[in-house]
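Engineer: Pasting the relevant annotations from TrEMBL:
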TRANSMEM  A:12-31  transmembrane segment
TRANSMEM  A:43-62  transmembrane segment
TRANSMEM  A:74-94  transmembrane segment
TRANSMEM  A:115-136  transmembrane segment
TRANSMEM  A:152-169  transmembrane segment
TRANSMEM  A:181-203  transmembrane segment
TRANSMEM  A:223-245  transmembrane segment
Amino acid sequence: MTTGHPPPLGPQAALVCVLAGVAYTLAAGRLRRRGDGWPRRRDATFGTGLALLLWGWCGPLPGGPFTEHSARHLLVGMAAPVLLVLARPLTLTLRTLPPGGPRRTLLRVAHSRPAGWLLLPPLAAVLHIGGTWALYRTGLMSLTHHHPPLDVLVHLHMVAAGLLFGFAVCRLDPVRGPRSLPLRAGTLLLAGAAHAVLAKGLYAAGPPGTKFAAGDLHTGAQLMYYGGDAVELLLAAALAVQWYAATGRRYARAAARAGHGAGPRVQRPQA
Amino acid sequence: MDEQRTHARRATEPRRSLAVGAVIGAAVMAAIDEIVFHQILHWHHFYDRSSDGVALLSDGLLHTAELLALVAGFVLFADLRRRDALSPAHARAGLLLGLGAFQLFDGIVDHKLLRLHQIRYGVDVTPYDWAWNLAGLALLLVGAALSVRAARRGPRTP
C-alpha cells in the first residue's frame, strides 16, 4: 500500500550515511592496526544505527500515512540515534585524529560550557520530547505537509535532538561534566512518561489540522508507544551496564587495597 | 563505606536481597497488570477515555517506572550474585512481598481511594475487586511468612 507521500530525504542523505559508515570502519580499523582495542560490536552497533537512519530517511515504509510517519519518527528520532551514540563516535574520532588542530578544537567544543548546558539531561530531554510534542500538538505537522523544506528540517531536528538526548543520558563519550546516575535515570523516567502520554493522546486525537483515518491513527500511535518502550529499555540497559561495570571496578580497587586479589594496576614491579 | 563493603565481601546481605526481590516483584506485577488487563483483555483500554489528563500522566509514569525498575532490579540482583552477597531465601520472600504489595496498593489505593480506573467497566466489579485484592493479600502473606522463615534461618542460608 503506497501513500504517495515521498520520503522526506533523498540521495544526499543516503550518501551521508554511507560516508559516515566508511569513516567509522576506517577509523576503527586504524585503531586495531595500531594495537588499540575497539570492540567489533561497536562497528556493528554503528552500522545498524546508520542502516535504520537510512531506512527512516529514504526507505519505503508500510501502512497508512500516519503509521508511516510514526515509523519514520521511531527510526530517525529514536532507534538510530541511540545506536549511533552507543557506538561512541566521539571517542573514536578523538582517538583517531592526530594530536593538534582539529582534535584540540573538537575536544574544546565537547568540553565547552554551551555543550555542557545542551548535554544537561533534563534540557536535552526537553529539546527532544518537547520538539515531538510541538510537532504533534501544534499545527506544525499540518504545516510540514504543505512545505517540504520544513518537513526536511523537522526530520533533521529529529535526528539531532535524538543524538543530543542519547549523548546526554548515556555519557559514554568524553563530554563536559559528569552527571549523576539518578539525574540521568530520572530524566529517562520523565521523558519516557511524556512520550507514553503523547502516544496515548495521539491514539485518541490526531495532530491538529491533519486528517488521518482512525485505524491509521491507532496503528501509528501504538507503534510509537511500543517502539518508545523498546528504545527506553535499550537506554535503561545502557545505564544499568555502566553502573554494573563501574561498581565492579570499585570492588576490584577496594579488594586490591585490602590486599586480596590485587588487580593488574596494583601489581607494579617494585623498582 | 568502601572499606565496610570490602570486609563484608563474602557475607550475604539479607536486607538488600529482600529489597532487590521486592523491586523485581513490584515491577513484574505492574507489568502483568498492564499486559494482561490493558493490552490482552482490553478491560481498561490503551486509551482510557474515562480518565483525565492527570490519570493519563500517572499511567505513563507507572508504565515507564515499571520498565526501569525491571532493568534496575535485575542489575542489582546480578550485583548481589557476583559479590556472593545474595541470600536466595530473602530474595524469594522479597519477590512475593513486592508482587502482593503492588497488587494490593493498586486494588485499594488506585481502584478504591483515588478511583483512577476500575478493573472492568459495565459489569458489577465487586467479585473482580475481591479476587484481585484477596490474591494480592495472599501473595503478601506468603511473602511475609517466607521473610520470617528466612530471618529465623539466619542470613547465611545457602
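Using N, Cα and C of the backbone, Cβ positions are placed for all residues, glycine too.
For the listed features, I'd like the structural context: burial, neighbours, distances.
Structural biologist: Remote same-chain partners of the transmembrane segment (A:43-62), defined as residues 6 or more beyond its termini with a Cβ less than 8 Å from a stretch Cβ, comprise 1-2, 7-11, 13-14, 17, 20-21, 24-25, 28, 68, 71-72, 74-76, 79-84, 86-87, 89, 155, 159.
Listed as Cβ neighbours of the transmembrane segment (A:74-94) (distance under 8 Å, sequence separation of 6 or more from its ends, same chain) are residues 24, 27-28, 31, 38, 42-43, 45-46, 48-50, 52-53, 55-57, 103, 106-107, 110, 128, 132, 155, 158-159, 161-163, 165-167, 170, 172-175, 223-224, 227-228, 230-231, 234-235, 238.
Sequence-distant contacts of the transmembrane segment (A:181-203) (same chain, at least 6 residues past either end, Cβ-Cβ under 8 Å): 121-122, 124-125, 128-129, 132-133, 136-137, 165, 168-169, 171, 217-218, 220-222, 224-225, 228-229, 232, 235-236, 239, 242-243.
Under 8 Å from some Cβ of the transmembrane segment (A:223-245) lie the Cβ atoms of residues 67, 70-71, 73-74, 78-79, 82, 86, 166, 169-172, 181, 184-185, 188, 192, 195-196, 198-200, 202-203, all in the same chain and six or more residues away from its ends.
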Engineer: Counting only residues 6+ away from its ends, which parts of the chain sit with a Cβ under 8 Å from the transmembrane segment (A:152-169)?
Structural biologist: 8-9, 53, 57, 72-73, 76-78, 80-82, 84-86, 90, 118-121, 123-125, 127-128, 131, 135, 140, 144, 175, 179, 184, 187-188, 191, 235, 238-239
